[in-house]
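Novice: To start, I am sharing the structure in question, which I have written as structure tokens.
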Amino acid sequence: MAKVRTKDVMEQFNLELISGEEGINRPITMSDLSRPGIEIAGYFTYYPRERVQLLGKTELSFFEQLPEEEKKQRMDSLCTDVTPAIILSRDMPIPQELIDASEKNGVPVLRSPLKTTRLSSRLTNFLESRLAPTTAIHGVLVDIYGVGVLITGKSGVGKSETALELVKRGHRLVADDCVEIRQEDQDTLVGNAPELIEHLLEIRGLGIINVMTLFGAGAVRSNKRITIVMNLELWEQGKQYDRLGLEEETMKIIDTEITKLTIPVRPGRNLAVIIEVAAMNFRLKRMGLNAAEQFTNKLADVIEDGEQEE
């Protein structure tokens, strides 16, 4: 998991630092935010102190109604030794009690002109993206008709050559050789290329080529959600391969199950066309049109009609 510090959030959203500068390198370990309304009312039993605290108009207007002594106690309790930051929205004025408590405990107090809900949404999206679980897989990621296809297989099976043919057919390369994958949601995997090899494709006998330079900016993209895995393997004579497409194999990446197709490789098979059609067929299945199921249903009807005639 990547490290995110308060300083990163401050720079990303151009937040104004009010006080507690010594704590700007505190780590942020979770994407969940806290709006400590009930804590300002005095209930700290389940206070999530390790989260970024977000104060809006509602919390601060209630805070202003508290007696002076309670104001100091509430802010001292909000500013703990593990609280990454306290952020105020709408350019609200900062209570002096909060400034004093933040300087005392080294908790950064930041301010944003954004509305509270808008700021909360943007912060959550940023933190979920940066704190998402990550892994790296040997393969090629291509955007085919809007479907993120991760092509895997043993070294030398023809992954990069297939990707090159797909790019020539108008599809977009995301990553070759090494695909960095992060799980942004419970069932969302997003892949991208390491910065060092972004837009590059390695073809044996030809060397390294820059896809964006050769084919233009429309032939590449920086990241893509992975929807299906296509595993290329050398054809084995005695092995049984799926010929109808009724059985759906899956592959687990991090904590997400992804549909996986195994495509046997042998001379004369146009892998680029097969993968292209597989991506289109996958989209049709998700739209409720399954050719294999339609065929088996028709076959069952024909068999049933034949039995009735007998």
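Just so it is clear, glycine is given a Cβ too, placed from its N, Cα and C backbone atoms.
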Novice: So which range, 168-173, 264-269, gets flagged region 'Important for the catalytic mechanism of dephosphorylation' in Swiss-Prot?
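Specialist: From Swiss-Prot, the annotated region 'Important for the catalytic mechanism of dephosphorylation' range turns out to be 264-269.
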Novice: Where Swiss-Prot shows H138, E202 binding Mg(2+), which of S102, S112, S160 is named for the same site?
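Specialist: It is S160, as the record lists it for that site.
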Novice: I'd like the Cβ neighbour count for K154 (ATP binding site), meaning other Cβ atoms within 10 Å of its Cβ, all protein chains included.
Specialist: 13
Novice: How big is the gap, in Å, between the Cα of D177 (active site, proton acceptor) and that of H138 (Mg(2+) binding site), rounded to a whole number?
Specialist: 5
Novice: If I take the alpha carbons of G153 (ATP binding site) and H138 (Mg(2+) binding site), what is the distance between them in whole Å?
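Specialist: One finds 8 Å between the Cα atoms of these residues.
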Novice: Measuring Cα to Cα, how many Å separate S160 (Mg(2+) binding site) from K154 (ATP binding site)?
Specialist: 11
Novice: For each of the binding-site residues (S155, S160), count the other CB atoms lying within 10 A of its CB, then report the residue with the highest count.
Specialist: S160
Novice: In angstrom units, rounded to an integer, how far apart are the Cα atoms of V157 (ATP binding site) and H138 (Mg(2+) binding site)?
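Specialist: Distance (Cα to Cα, whole Å): 12 Å.
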